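What TrEMBL says about this one:
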type	residues	note
BINDING	E199	substrate binding site
DOMAIN	11-262	domain 'GCVT N-terminal'
DOMAIN	282-357	domain 'Aminomethyltransferase C-terminal'
Amino acid sequence: MAKEGLRHTPLYEEHKDLGARLVDFAGYEMPVQYSGIQAEHRAVRNHAGLFDVSHMGEAIFRGPDAESAVQRLVTRDVGRLDVGQAGYSAVCYEAGGTVDDVIVYRREGDFLVVVNASNREKDLDHFRENTEDLDVEVADESDDWALLALQGPEAARLLQDLTGTDLSGLKPFRFAWGEIDGARSLISRTGYTGEDGFEIYLSGGDAPRVWRSLVEAGATPAGLGARDTLRLEAGMCLYGNELDAETTPLEAGISFAVHLDKDPHFIGQRALLLEDTGGLRKKLVGFEMEGRGIARHGHHVTSGAEIVGEVTSGTRSPTLERAIGLALVDPGVEDRFEIVIRDNPVPAKTVPLPFYKRDRE
C-alpha cells in the first residue's frame, strides 16, 4: 500500500511486484532493498545491478547565456567540456560551503545539470536567483525523466544487446543519444558505485519496459541500501554526509572537481582560493576499524580525550569484509584515533581512498 504524501517514480509498480522494501527517501517511496543489501552489492561488484534513481533532479539551461550561467554556478570549468561530455562538479555558496554536488552534461545547444533529489527545490532556487541578470532559461524537467543506473562489470554486455549504440566507443563521462529496446534514451557512461556502468535517461512511459528488459537480460534489481555501501567503498561523497553548507569541496576531498584558476569566476571561488592558500579547517579521511564495532554517521572521532572530528559515513564493507568509514577531522589528526561507539572509544586507523578500486583489465 502506498504511503500517503510520498511521490512515486514511474517504476513504483515494478518495485512492488519485485517485493522491494520501500522507504521514504527525499519525499519519494523508494526501494531500499529487494533480495538483500549484501546480495545486491555483490551482484554489482561481480555481474550487473540495476537501480531506479528517477528521484534525482534534472535542470536544463537554455538560451544565449546558458554557458555563462553554468560557469557562474559550478566549480568545474564547463568550457573545457566537449558536446557529449559530462563532468562532476560542486555548487558553492559565496562563503565556500556546498550547495550540492552535481553532474553537468554539455549537450548540443544546452546544458543538463543533474542534482540530488533532496536538494532539487533548493538548487533550482539557487540557480535562478543567481542568474537573473543573464539571458537564460533554467527549466526543471525532473518530472519529465526517468533515470536508471546499470552498474557492474557485465553492464556493457547486457546493455549492448538492447541498443544499436556502440558502447565500446562511449568512454567514461561521455554520453550519446540512442535507443534501448526501442526507447529513445540518453546513455551516459557514469555511475555512483566504483564500477563500470551506465546511467540511462528516458521517458517515464518507456522506463518500465526498459527496466523489465534489463532484468530479463540478467541485471539484478538493487536498492538504495546497496547504492550507499557501493559508493562508500568507492570513497564517493554523499550530500548531507560528507558535503553540506558548512563543508567546502576542498575539505570533502573533491578538489579534482574544482578549477580554482577558472575564468569567468564561479560563486565561492574567492573563498576557496583563500582556503587553498591558508589551509583547511577540516579534512575528509577514510578509516578502518581496528576494534569491534561499526562506525555510523555522527559518531565522534577522538584522540585521547579530545574530540577531533565526526564520522560522516560508516558500514561493514561487503567486499572487504571489514568495517570502514569516512570522517571529517581536524587537519592535524594523526593516522590513528578512536571512534566513540555507544560511549566506548574503539581504535581506528586512516587508510587511502578509495577503499575499493575495480580491476580495469
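Backbone N, Cα and C atoms are what each Cβ position is placed from, and that goes for glycine too.
Look at the domain 'Aminomethyltransferase C-terminal' (282-357): DSSP puts its residues at 0 helix, 43 strand, 33 coil.
DSSP classifies E199 (substrate binding site) as strand under the three-state reduction.
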